[in-house]
Amino acid sequence: MGSSHLLNKGLPLGVRPPIMNGPMHPRPLVALLDGRDCTVEMPILKDVATVAFCDAQSTQEIHEKVLNEAVGALMYHTITLTREDLEKFKALRIIVRIGSGFDNIDIKSAGDLGIAVCNVPAASVEETADSTLCHILNLYRRTTWLHQALREGTRVQSVEQIREVASGAARIRGETLGIIGLGRVGQAVALRAKAFGFNVLFYDPYLSDGIERALGLQRVSTLQDLLFHSDCVTLHCGLNEHNHHLINDFTVKQMRQGAFLVNTARGGLVDEKALAQALKEGRIRGAALDVHESEPFSFSQGPLKDAPNLICTPHAAWYSEQASIEMREEAAREIRRAITGRIPDSLKNCVNKDHLTAATHWASMDPAVVHPELNGAAYSRYPPGVVSVAPTGIPAAVEGIVPSAMSLSHGLPPVAHPPHAPSPGQTVKPEADRDHTSDQL
């Protein structure tokens, strides 16, 4: 019998037992898989769940207690869950991606196993759009390279020296920016770009007609048209099996000679080997990438290590302190809706609803009538936000989850490339929930 049939102790595939909550049951376990700061999530979940962290980068690093007992999981983009990984979780009912993108989760397999997958689609729209414009401005005005020249001791005084060090700087007004994917982030980028004087084109075959008139943009019907007419191309679509390596050796040759390329969406959209070659040959004048095929990114290895005129940042376009707190709060609220309501009906942003084979109603729970000693609390209640500490010195919320050999001196701290490239005029199918649900984060 396969492992997937053993997950639920005899229940059919895709049907998982409900979370048992209420006065006669312990609080269910919710785990943050790839982080260790739960201070934002705790106030939202502490009366309905025990919250723990794993700080793992793979399921091999997740403690057996979480694999056996966790009913909910929170995760960022730094861990990947394949079907094999998902089958290790015996009681999991919901995963919430703290961010918009969810290409690091096999959502179909999760649905087959009865696990709902949710995201935070409006997360970091402003931050990602701002970061995109920052990259575009850097490419046009060469700010990064000018700074680097001064840091390296280059003397810049005469007009000739300025011309030399600022070679390649260009005027923005009148240039054409091509946006691939006009979801939330794409629209925010378009509005900012227009304010800087760009003519803005976009390609999005799955967006309804009319948005271009409302925003004052020009729509093109094929990817080839956008690449041919754009001085700078920026990507704002999700990643799936249809658009992996959307920018490849073939599509690079369809771009204008000397165009710029910006990617703050998903690393797999760009064939980095083809990009490196295009940068070396000058077919692409400059590129700025916040996301990469292999993360964490390093200039010391991979095809981009010797590429000229390249700006790289570490998948941070989404980040601001405000955005981080907002997305964590919303992710925690989604977990709470799952525990106290019905899956998937009570969920706000379930991305694999069509794949779920069953929806189990979980009894609602009134925390006001739950006695602490019967609500999974083996220790007395503390003021809001305080986590008690077990005799071992490990916070009670994580005791038995973090291996005893690990010293904790503190509490919870504040697709394969398709065999052929897209042909001219071919539409490229994005995923159903792209960055209108995006990743950029």
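Glycine too: its Cβ is placed from the backbone N, Cα and C atoms.
Here is what Swiss-Prot says about this protein:
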ACT_SITE  Arg266  active site
ACT_SITE  Glu295  active site
ACT_SITE  His315  active site, proton donor
BINDING   Ser100, 180-185, Asp204, 237-243, 264-266, Asp290, 315-318  NAD(+) binding site
COMPBIAS  430-441  compositional bias 'Basic and acidic residues'
CROSSLNK  Lys429  SUMO cross-link
MOD_RES   Ser300  phosphoserine
MOD_RES   Ser423  phosphoserine
REGION    1-70  region 'Interaction with GLIS2 1'
REGION    288-360  region 'Interaction with GLIS2 2'
REGION    409-441  region 'Disordered'
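Positions of Swiss-Prot features highlighted on the structure.
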| residue | record | Cβ contacts under 8 Å, 6 or more apart |
| --- | --- | --- |
| Leu182 | NAD(+) binding site | Ala190, Phe202, Asp204, Leu207, Ile211, Leu217, His236 |
| Glu295 | active site | His77, Thr78, Gly267, Pro314, His315 |
| Ser300 | phosphoserine | none |
> Of all the binding-site residues here, Val185, Ala317, which one's CB has the most other CB atoms within 10 A?
Replying inline: Val185
>> Just to verify a number: CA distance, Asp290 (NAD(+) binding site) to Arg266 (active site), in angstrom, no decimals.
In response: 8
> For Gly238 (NAD(+) binding site), what is the tally of other C-beta atoms lying within 10 angstroms of its C-beta?
Replying inline: 25
>> Rounded to a whole angstrom, what is the C-alpha distance between Arg266 (active site) and Glu241 (NAD(+) binding site)?
In response: 13
>> Rank the active-site residues Arg266, His315 by how many other Cβ atoms lie within 10 Å of each Cβ and give me the one with the fewest.
In response: His315
>> Give me the count of other Cβ atoms within 10 A of the Cβ belonging to Glu241 (NAD(+) binding site).
In response: 13
> Under DSSP, the region 'Interaction with GLIS2 2' (288-360) has how many residues in helix, strand and coil?
Replying inline: 23 helix, 7 strand, 43 coil
> According to DSSP, which of helix, strand or coil covers Val185 (NAD(+) binding site)?
Replying inline: helix
> Which value does the mean pLDDT take for the region 'Interaction with GLIS2 2' (288-360) in this predicted structure?
Replying inline: 93
> When the number of other CB atoms within 10 A of each residue's CB is tallied over all shown chains, which of the binding-site residues Ser100, Asp290 has the maximum?
Replying inline: Ser100
>> Just to be sure I understand the packing, how many Cβ atoms besides its own are within 10 Å of the Cβ of Thr264 (NAD(+) binding site)?
In response: 31
